Amino acid sequence: MAKLMKRKTKTLIFIFIISVILSLKFPSEIEDERAKREKLEKEEMKFSVFLQRESAMSTQGGVISSADELNGLEYDFYRQNCPQAESIVRSTMAKIYSQQNDISFGLLRLLFHDCFIKGCDASVFLDDSNGNKNHSVERQATPNKTLRGINEIDMIKEELENACPGVVSCADTLALATRDAVVLAGGPFYPIFTGRRDSTQSYFDEAMDEIPKPNDNITQTLFLFSRRGFDERETVNLLGAHNVGKISCDFIRDRLTDFSGTGQPDASVDPNFLNELRLACQDSSSTDHDGTVASMASREMGNSSSAMIFQGLSSSVPSGARFDNHYYQNLLKGRGLLFVDQQLMADENTARFVAVYASDDGTTFRRDFSRSMVKMSNLGVLTGTLGQGSSELLLVVIIAFVNPDSELLGCSAAADYSPYATQIPLPLVMCVLARVKALLFSGKNLSSLI
């Protein structure tokens, strides 16, 4: 009996030793992935601190070519009057992402469209038509009709208003929420400087002419980006944001059947990829929906009803749900979804940067993307006495609510409300906004209304 127990003990010890050796030789893939992710996060946080220091102190080169280009923005601008602002944005964004894990690309596109036209000033949110059907607003421009994320920014802004009424601007809310959405999607963290003020005007004509289009050639794309101060490498890097999210078949249909009126598909599309795209979009081929929504009844301009397809249709690359470099790997194979994407291979310099980003594990792309997004988020911001602060605008609306027949405002006709009302009527708000805009253009300060 003793010998049997001794033999069992030896066997158990032997099995234990073998299992330890095997675990050392073949570590768990989960643990390995976790270690890599933690290492990457630490590196990106260190790089983010470097970006912050470089942006704030540099007077030449780097992320921001000059300290003046921060235009009065500060890191943690709301530390005194709303110290919880960034944590509110982060937590609310996390809730939204848990329900819509494809919202990151929508917010990236929303930020891009806002910042590309007159700077990051939330002008894309404005309806300054004052009921004039002949006055088109920025959100009605063709490139903006399929924007997503406006409702989500409204949700975050409501949380901020509950905590700190009239303090945090819509422009800052969008910039912070987009950064947090990028991180939630597996993208790199980058510092956001705050203190932006909101525009009092929207820009329909500029949005129609100056936002890059899905069918732009490389010359037009580089021209539009260069006008905003982005060089070739930064342009290639920012377009890499297309590696996440979904793209409507409406944006690529002409590439599949009648490219540029030739009656033939786009010759630059890989033949196998062309068949995959046709198969993915065939269910929506009978619809005449063009991906636009004319009505502005909702804050969200609406989504295309056409089929939506991921960037990585090929089974040999990721699905298009992560911030890696498969976008660039696809371009090298002629598998870019949009014409504007594949055009990056039509220019020697941009093609070289595509090859650079495709050559490693995505680290180079992620680091450059951090730099580019800091720069994008600081474009043409309104600070100080420029633009409109939330508190000032809120104060004017409150005054109008109490005294709508003020000589300065003249909004009594729009003030059809009960004296016991708990909310300001929308017609009154719209009237006040229009009057405030007129006063600002006449050179008066909002403080003159108090």
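Quick reminder: no glycine exception, Cβ is built from N, Cα and C everywhere.
For 1-23, the entry in TrEMBL reads signal peptide.
Sequence annotations record features per position, and here TrEMBL assigns disulfide bond to Cys82-Cys164 (among others).
As annotated by TrEMBL, site 'Transition state stabilizer' applies to Arg109. Counting every protein chain shown, the Cβ of Arg109 (site 'Transition state stabilizer') has 20 other Cβ atoms within 10 Å.
The disulfide bond annotation in TrEMBL covers Cys115-Cys120 (among others). Around Cys120 (disulfide bond), a 10 Å sphere centred on its CB holds 28 further CB atoms from the protein chains shown.
When other Cβ atoms within 10 Å of the Cβ of Pro212 (substrate binding site) are tallied across all protein chains shown, the result is 20. Annotated substrate binding site per TrEMBL: Pro212, in sequence order.
In this view, Cys249 (disulfide bond) is surrounded by 25 other Cβ atoms within 10 Å of its Cβ, with every protein chain counted. Residues or ranges marked as disulfide bond in TrEMBL: Cys249-Cys281 (among others).
Annotation source TrEMBL lists Ca(2+) 2 binding site at Asp324. Taking all protein chains in view, 22 other C-beta atoms sit within 10 angstroms of the C-beta of Asp324 (Ca(2+) 2 binding site).
For Cys82 (disulfide bond), the nearest neighbour among the disulfide-bonded residues Cys115, Cys120, Cys249, Cys281, judged by Cα separation, is Cys120. In the structure shown, across all protein chains, Cys115 is the one of the disulfide-bonded residues Cys82, Cys115, Cys281 with the greatest number of other Cβ atoms within 10 Å.
Comparing Cα positions, Cys164 (disulfide bond) lies closest to Cys115 out of the recorded positions Cys115, Pro212, Cys281, Asp324. The shortest Cα-Cα distance from Cys249 (disulfide bond) to any of the recorded positions (Arg109, Cys115, Cys120, Asp324) is found for Arg109.
Residue environment of Cys164 (disulfide bond) contains 18 other Cβ atoms, counted within 10 Å of its Cβ in all protein chains.
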